[in-house]
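Here TrEMBL flags 34-44 as compositional bias 'Low complexity'. Marked as compositional bias 'Polar residues' by TrEMBL: 45-56. The domain 'Zinc-ribbon' annotation in TrEMBL covers 6-26. Residues or ranges marked as region 'Disordered' in TrEMBL: 34-57. Sequence annotations record features per position, and here TrEMBL assigns transmembrane segment to 92-120, 132-151, 163-187.
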Amino acid sequence: MHETKFCTNCGKSIPSDAEFCPYCGHGQAVATQTTQQTNPQPNTAGSTYQQPQSQPGDAVYNESPVPGLVVSTKLYLRDVLTINKRMGRADYWWAALGIGLLAGAASLVAFFLLALFGGLDDAYEPTGLSALFFYALLLIMFVAYVGLWIASFTAEIRRFHDLGYSGAFWLLNLVPMVGGLIVLILLCQPSRQLNNRYIN
């Protein structure tokens, strides 16, 4: 029989020799010796330090079973107009990476096409078919930018819901100089399941 232990972060059963939890990724202390005791008694003699207890219902949440670059990016794009859900931390950051890579690749292609048709020259005056292509490309880039902004806006709201906060916390982005930093710190926080009014 394979010995198991419980993750110190999410509480799920994992192999006793695991260094990291396969469910939440939290680092685990590898035990040098295992005990068969089912209800270990805490050693209170000589120490006033008490081990912090994780709250049983506060587990990591992600909508996708195994968050990753492709899966989380698809989730991000599928829920572009959805704000009444939650988005877990891993799904959010994998999707942010995926969208960043897609946007970077699309920008390089657009830059190359503009350079190919002379749109980057200071004296460029688009005429005829070249003008049609140039303005169509600018319109496509503008629509894509607005779409990505909306997707980012709704994803941040869903991420705030996962933390138990109102989507109105997005307005912190408008605070000059420190607003974006505050939002970044909040978006990096783990999921909160206990007393979260946004749990479906």
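Yeah, the Cβs are placed from backbone N, Cα and C, and that goes for glycine too.
Automated prediction, rather than curation, is the source of TrEMBL annotations.
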Distant-in-sequence neighbours of the transmembrane segment (132-151), which means Cβ under 8 A and at least six residues beyond its ends: 76-77, 80-81, 99, 103, 106, 110, 113-114, 117, 119, 126
Within the domain 'Zinc-ribbon' (6-26), residues counted as helix, strand or coil by DSSP: 0 helix, 5 strand, 16 coil
Mean of pLDDT values spanning the domain 'Zinc-ribbon' (6-26): 80
